[in-house]
Amino acid sequence: MRRVLERPAPSATVPLAAPSRLSGVATMFGSGLSNQTGAAVGSLAFPVLGPLGVVAVRQYVAALVLVAVGRPRPRDFTWQQWWPVLLLAMVFGTMNLTLYTAIDRVGLGLAVTLEFLGPLAVALTAARRRLDAGCAVLAAAGVVVLMRPQPSTDYAGMALGLVAAGCWASYILLNRVVGRRIPGAQGPAAAACVSALTFLPVGIVVAVRHPPTAGAVLCAVAAGVLSSAVPYLADLLTLRRIPAQTFGLFMSVNPVLASVVGWVVLGQGLGAPEWAGIAAVVAANTLSIAARAG
């Protein structure tokens, strides 16, 4: 579950010792590696469960983790609190489903890179500086390289990656609304529960039509733990050790981690043009976040 990070006020910042920073960076790296490894492991279950079945299991795991942390009290919610929660639940499920389907079609590295255009778009929408315009052009150039016409180009997979990006952008904006209306992590926890309930009949249908093997279920559960539980808890620990802007900068490296994990775990090699496109998107994210932090 991704969270919107706000930079603390200068008066609230406290100098951090070098060991604490190193610990935070190590935790951050572990979080990103866990997230991408979870997606790769989950994709191993695609032949049995399909992306839909894997996402259903991931939603169940995410709900269990967030309910344990957020402890929502939905009976106390008003309609003004419920409607953004319901929208967040819809976006959360759609985001994961389109991402995992894109992974199945175009590979982990390209799918995650396209998805990262979502938070970049949110950041650049409110920007007014020339550097921000340059970041947008750089990211667009990266996408053009990634989506260049080839005999083997899977445009449906690319489109799904872009839909996942739009969902992530919506997720960020809705999280801000939910955060203003519902205290703590109750809102995201409630949204995760609604999303899990929505996928419950989906999981039943998948299990009936395609009886899962123990290995496939284990891979799907591992995807939920590695891509939801571990990153969420690691992020909470990381933000106590490093500045929020450093966290944001490191998040930009995730497409590279995804590409490496996809190559090592799934054998999904990338050519020089794909690496150039990924580098352009990563650079655009990094420059955008660094400019805002400065």
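For all residues, glycine too, the Cβ spot is worked out from N, Cα and C.
Per TrEMBL, these features apply:
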- 48-70: transmembrane segment (TRANSMEM)
- 82-100: transmembrane segment (TRANSMEM)
- 106-124: transmembrane segment (TRANSMEM)
- 155-174: transmembrane segment (TRANSMEM)
- 157-286: domain 'EamA' (DOMAIN)
- 186-208: transmembrane segment (TRANSMEM)
- 214-234: transmembrane segment (TRANSMEM)
- 246-266: transmembrane segment (TRANSMEM)
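For the domain 'EamA' (157-286), DSSP puts the residue distribution at 110 helix, 0 strand, 20 coil. Two recorded stretches are said to be in contact when at least 3 C-beta pairs lie under 8 angstroms, sequence spacing 6 or more; the transmembrane segment (106-124) and the transmembrane segment (246-266) meet this definition. Note: the stretches the transmembrane segment (214-234) and the transmembrane segment (48-70) are in contact (3+ CB pairs below 8 A, sequence gap of 6 or more). Listed by sequence, the residues of this chain that lie at least six past the ends of the transmembrane segment (48-70) yet keep a Cβ under 8 A from its Cβ atoms are 1, 42, 92-93, 96-97, 100-101, 103-104, 184-190, 192-193, 195-196, 198-200, 202-203, 206-207, 210, 212-213, 215-217, 219-221, 223-225, 227-229, 232-233.
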